[in-house]
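For reference, the structure discussed in these notes is given below.
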Amino acid sequence: MKLLFPIFASLMLQYKVNTEFIGLRRCLMGFGRCRDHCNVDEKEIQKCKMKKCCVGPKVVKLIKNYLQYGTPNVLNEDVQEMLKSAKNSSAVIQRKHILSVLPQIKSTSFFANTNFVIIPNATPMNSAIISTVTPGQITYTAASTKSNIKESRDSATASPPPAPPPPNTLPTP
């Protein structure tokens, strides 16, 4: 029994394992459930072989908000126009259209246009130079000690402090 449970659990967690025999048939990447009939507050999104893929109102709202606010820069112009015109049509047609568009969306990094500040959590130092990270470029944090500060103050070739990074401009939706 001790060996049977981990094997069964690992099989249940795999993506393509059929779990219909215990009544846990899922659809829409685990957000929906396959049923004969959807409840009053649920919406039918797809077909599960002979059943309907039913999704609750929270999942519908989550998908709608993600498509409206999370991916406006990723979608091409045709899809954006279709989404705008779909607001006037029935909710079922809109959801079916949104779900057909989901596989076409390219994955992008949410943090692609954002600069991060690295703050070291190491031992206490006298001073530290903190640098920003730009996409595709790796920078390292350098720390200076008292002896390095005295040498750089005495030398005539000490470099000026680095210029501040450009202001971060994010597109507004």
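Each residue, glycine too, has its Cβ placed from N, Cα and C.
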Selected from CYS38, CYS53: Swiss-Prot disulphide partner of CYS27
CYS53
In chain order, residues whose C-beta lies under 8 angstroms from the C-beta of CYS53 (disulfide bond), counting only those at least six residues away in the same chain, are CYS27, LEU28, GLY32, ARG33, CYS34, GLU44, ILE45, GLN46, LYS47
Of the disulfide-bonded residues listed (CYS27, CYS34, CYS38, CYS48, CYS54), the greatest number of other CB atoms within 10 A surrounds the CB of CYS54
